[in-house]
């Protein structure tokens with residue numbers, strides 16, 4: 001415990017120091033005092049002009065990434081006690097920071113802590129811009145004879161807008177690093193923080209638009225439009241900046257919600273232009289400014305390459321349950337050592353449908369209960385899922401190639417420490433709660449203290465009630481749900497009475513995994529933080545070594561002998577090439593070594609034949625008097641109340657909960673999430689602790 005506290009203190013100090021550098025960057029103190037002294041000491045023949053920024057901006061983040069891995073590894077070694085009240089007490093003390101403060105569209109749900117950080121970041125941008133302009137306006141440089149003051153100020157404002165956009169880019173890649181070692185230290189996952197990536201993207205695009213348009217106006221007013229076509233050898237390349245702006249626009253427009261939902265594939269494919277954008281953006285700003293945004297890109301590249309290596313393998317699909325409500329449960333073989341927490345997700349690729357598209361789905365199995373199986377729930381709602389449903393429904397299909405990436409999710413199960421859980425879902429939003437209930441079933445079997453659970457679920461049609469079947473795992477004989485304090489209130493909103501049809505069948509499809517299929521296994525990151533730390537640290541050290549060698553023994557002699565500055569573009573290309581190369585080399589080496597270590601375990605995982613009922617337990621909703629198939633189904637029946645033709649009165653349900661510590665989790669349509677958030681933030685019930693789960697970004 002002391003080691004964890006010590007590491008967290010170091011992390012906080014380094015993080016605060018890194019932020020302080022950003023705060024001081026636009027000031028005269030940094031420009032006139034700090035920077036000259038640092039340049040004298042750090043701008044050696046090995047790193048030249050990038051030495052200062054490597055130390056102040058790149059190193060702290062890489063250090064935090066490696067340190068975060070060590071911290072998370074040590075925390076995993078400490079068994080998590082779900083019945084512990086110490087963690088719950090600390091959580092209650094800070095609960096006001098996690099309470100929803102702003103609930104509105106299009107912003108969504110903002111907690112007090114998120115609002116504070118958003119305001120602090122906005123203050124940083126305003127502070128930086130005002131300082132840059134104050135210094136710039138005090139010492140205006142006229143770039144041509146006859147240039148007017150207001151023209152020089154226009155140029156200065158346009159340039160400084162680009163500086164501020166660069167600050168946004170320094171943070172842009174952190175939220176999309178799925179196996180991040182930094183986000184968990186702030187209690188975040190990449191899924192929950194994707195909105196920060198969206199906000200930063202929009203803000204940076206507005207700033208870069210001001211930067212680009214401002215310069216075009218300046219060039220047009222001063223008759224310097226030829227500058228737009230300049231590709232300088234010694235300074236900023238304007239052509240590269242314009243190309244980067246065009247690429248950014250092609251990525252930005254499809255990212256707006258209405259466009260993205262209607263034409264997701266256009267958004268998906270256009271967003272992969274980020275590689276070209278980084279290239280031309282780097283050529284435009286140069287190596288000094290690349291050092292400022294490089295750490296986020298570096299950690300993202302490590303994560304992305306590891307994801308690529310994992311996704312090259314096909315996962316053995318053992319079986320699929322096809323529910324009457326057009327929902328699927330896919331069951332994959334996994335190695336017993338693979339660990340994940342409830343509400344985790346995996347990304348799935350089916351080459352037969354699309355070789356490039358990866359779609360996220362909720363893991364509904366418990367890694368503690370189902371040691372050799374990972375189960376995923378899929379509701380058919382789009383073209384890709386409909387094609388998958390048709391493929392699996394085909395009677396002739398006996399094998400399907402599927403690649404799986406992940407799982408990714410929270411680093412702890414903190415919400416299981418509450419005295420009571422209220423789970424509110426709409427439609428397919430019930431899937432993350434299935435993983436929670438399965439985990440609680442396991443913990444209950446271990447005679448651990450588990451919270452009472454109230455599940456409030458809304459469905460459009462009665463056939464959708466068969467989604468509740470997924471609470472019972474494919475290994476149904478091991479599922480003892482009867483001892484769990486579980487109450488289910490199910491609402492069917494579009495039907496006013498019970499349907500007469502009582503025959504709702506589950507189709508169970510069995511598949512023959514290929515010999516080349518590999519069970520879903522431990523991937524570097526959430527299941528092996530120390531290996532990820534070794535990749536981060538070794539990659540960065542190799543990068544510094546190679547960069548120093550190239551600069552000292554190749555670039556420096558050219559500049560020294562010819563007396564000319566080495567080509568601006570080539571410096572950036574060397575920087576980006578080395579960054580990418582060391583990540584590929586170190587990540588691949590550690591990944592292959594780790595894969596070799598796990599070969600034996602993978603071979604031990606046999607194809608599991610899992611008995612699955614052919615009749616849907618959901619048939620009990622029709623009130624038919626028939627002998628139920630098993631005790632778990634009977635327990636599910638007894639725990640469930642079905643209401644037809646009405647919507648849940650969420651305010652009454654939540655206010656009727658009288659426990660001292662109630663965790664309220666909601667997953668479903670935006671209106672439902674917002675309604676629950678407003679109730680929990682109303683101040684009328686201090687015992688309600690809200691948490692939203694949303695994958696609809």
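Keep in mind that glycine also has a Cβ here, set from the backbone N, Cα and C atoms.
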Range among 234-254, 318-338 that TrEMBL annotates as transmembrane segment: 234-254
The annotated transmembrane segment range in TrEMBL, which must be one of 274-302, 361-389: 274-302
Other parts of the chain folded back onto the transmembrane segment (6-25), taken as Cβ under 8 Å at six or more residues beyond its ends: 34, 56-57, 60-61, 63-64, 67-68, 70-71, 74, 124, 127-128, 167, 170, 185
DSSP-derived helix, strand and coil totals, residue by residue, for the domain 'FAD-binding FR-type' (310-414): 14 helix, 38 strand, 53 coil
Stretch in 163-186, 198-222, 274-302, 529-554 most in contact with the transmembrane segment (234-254), if contact is a CB pair under 8 A: 274-302
Contact check, the transmembrane segment (54-74) vs the transmembrane segment (198-222), 3+ Cβ pairs under 8 Å, seq sep 6+: no
Of 163-186, 529-554, 574-594, whichever stretch has the most CB pairs under 8 A to the transmembrane segment (198-222): 163-186
